[in-house]
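Enquirer: Swiss-Prot lists Thr41, His44 with the feature active site, charge relay system, giving sequence analysis as the kind of evidence. Taken from Swiss-Prot, the feature Zn(2+) 1 binding site covers Cys39, His64, Glu65. Per Swiss-Prot, the feature Zn(2+) 2 binding site maps to Cys94, Cys97, Cys100, Cys108. If you look up Swiss-Prot, you'll see Ile176, Asp196, Arg201, Leu271, Gly272, Ile273, Ile295, Tyr296 marked as NAD(+) binding site, on the strength of sequence analysis.
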Amino acid sequence: MKALAKLKKQPGIWIINDAPIPEYGYNDVLIKIKKTAICGTDLHIYNWDKWSQNTIPVPMITGHEFAGEVVAKGDGVTSVDIGDRVSGEGHLVCGQCRNCRAGKRHLCRKTIGIGVNVQGAFAEYLVMPAVNVFKIPDSISDDIASTFDPMGNAIHTALSFNLTGEDVLITGAGPIGLMAVKIARFCGARRIVITDINEYRLQMARDFGATVALNVAPFKNQDELVKQMRKVMSDIGMTEGFDVGLEMSGINSAISMMLDVMNHGGKLSLLGISAGDISVDWGAILFKGLTLKGIYGREMFETWYLMTSMLQAGMDMNPIITHRLHIDEFQKGFEIMKSGQCGKVILDWSS
């Protein structure tokens with residue numbers, strides 16, 4: 001079968017045409033891949049950064065955002081049928097630890113990821129445990145279903161706290177941050193402010209319903225950044241700090257600024273992963289009585305049902321997809337992702 005694989009311990013990704021079709025077991029499902037989306041994690045693997053060098057076994061078929069069709073299943077599988085349109089949870093968990101047994105599988109300490117630790121979805125076929133498979137309703141396209149993984153991250157982050165009538169600050173306008181704008185607006189947030197240094201994506205955020213999308217690139221230091229943010233807050237009628245903060249960037253200055261402008265009793269969801277150590281004003285957290293929640297992946301499977309219901313209720317995520325390419329143009333897709341001048345990039349696996 002055709003696949004995209006990390007074949008060498010150096011930057012790049014390579015297409016192969018003779019990868020074996022994976023074998024499925026008693027409780028597994030064999031999925032024919034129709035669409036995949038390129039994730040920031042895939043870009044890290046492509047660039048072969050320090051995290052990738054320490055994490056990714058080579059060779060490895062990568063990718064974990066997908067939509068496809070069930071073409072075979074093990075004898076023990078009763079939850080899906082051949083012909084079903086599906087996506088799937090890319091985090092594989094042990095099922096036996098305290099958190100798994102308590103229904104909190106997203107907190108399994110033995111989690112491994114498809115396309116990271118085991119064969120991924122950038123291939124014509126993928127094997128996945130049936131318990132990880134999620135049926136796609138007829139009303140949701142394959143393109144949108146292939147973005148369920150990052151959309152689930154956005155849903156989990158944004159809906160960890162009530163957004164209705166609240167003032168929301170989002171730091172980081174990558175695809176997940178942009179999805180969070182849509183989610184916050186759909187859920188009735190009062191004001192939504194988002195920050196980034198990428199003007200292309202900030203304009204997308206404005207189009208998605210952000211009250212203000214602030215380019216923070218011009219500000220030379222933390223004091224200037226906070227001063228400008230307070231001006232923005234005043235200009236849009238805010239008399240107190242932000243009620244909810246959604247941290248998507250992993251950037252120290254963004255986190256410090258967020259702590260500075262949160263209201264007393266504010267709540268923060270932290271999804272962004274830093275490349276290094278982060279220093280924070282512990283006093284701001286204590287004296288403001290802030291609540292912080294770390295986010296990793298999606299709640300299995302409450303997040304999946306939530307995003308499906310919201311899409312069916314009219315939340316339009318189609319504009320997050322800015323580029324659609326055939327798999328043979330994968331190199332172009334990665335170059336577009338590297339440029340940052342895009343939302344989600346979809347790869348079509350049809351022949």
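Including glycine, each Cβ sits where the backbone N, Cα and C put it.
I'd like to know what surrounds each of these features in this structure.
Expert: A simple way to gauge crowding: the CB of Thr41 (active site, charge relay system) has 24 other CB atoms within 10 angstroms, across all the protein chains here.
The number of other CB atoms found within 10 A of the CB of His44 (active site, charge relay system), across every protein chain shown, is 18.
Taking the Cβ of His64 (Zn(2+) 1 binding site) as centre and 10 Å as the limit, one finds 23 other Cβ atoms among all the protein chains shown. Taken residue by residue with DSSP, His64 (Zn(2+) 1 binding site) is part of neither helix nor strand, so it is coil.
In the structure as shown, the Cβ atom of Cys94 (Zn(2+) 2 binding site) sits within 10 Å of 14 other Cβ atoms. Look at Cys94 (Zn(2+) 2 binding site): DSSP puts it in coil.
With a cut-off of 8 Å between CB atoms and residues at least 6 apart in sequence, the same chain places His106, Leu107 near Tyr296 (NAD(+) binding site), listed in sequence order. DSSP assigns Tyr296 (NAD(+) binding site) to coil, not to a helix or a strand.
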Enquirer: With an 8 Å cut-off on Cβ-Cβ distance and a minimum sequence separation of at least 6, pull the same-chain contacts of Cys108 (Zn(2+) 2 binding site), or say none.
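Expert: Set apart from Cys108 (Zn(2+) 2 binding site) by at least 6 residues yet with Cβ under 8 Å, we have His91, Val93, Cys94, Gly95, Cys97, Asn99, Cys100.
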Enquirer: Going along the chain, which residues six or more apart from Cys39 (Zn(2+) 1 binding site) have their CB under 8 A from its CB?
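Expert: Long-range Cβ contacts: Gly63, His64, Glu65, Asp149, Pro150.
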Enquirer: Within 10 Å of the Cβ of Arg201 (NAD(+) binding site), how many other Cβ atoms can be counted across all chains shown?
Expert: 23
Enquirer: List nothing but the one residue from Cys100, Ile176 whose Cβ has the fewest other Cβ atoms within 10 Å; the candidates are the binding-site residues.
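Expert: Across Cys100, Ile176, these binding-site residues, the one with fewest Cβ atoms within 10 Å is Cys100.
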Enquirer: What does the structure give for the C-alpha distance between Thr41 (active site, charge relay system) and Leu271 (NAD(+) binding site)? Integer Å is fine.
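Expert: Thr41 (active site, charge relay system) and Leu271 (NAD(+) binding site) have their Cα atoms 14 Å apart.
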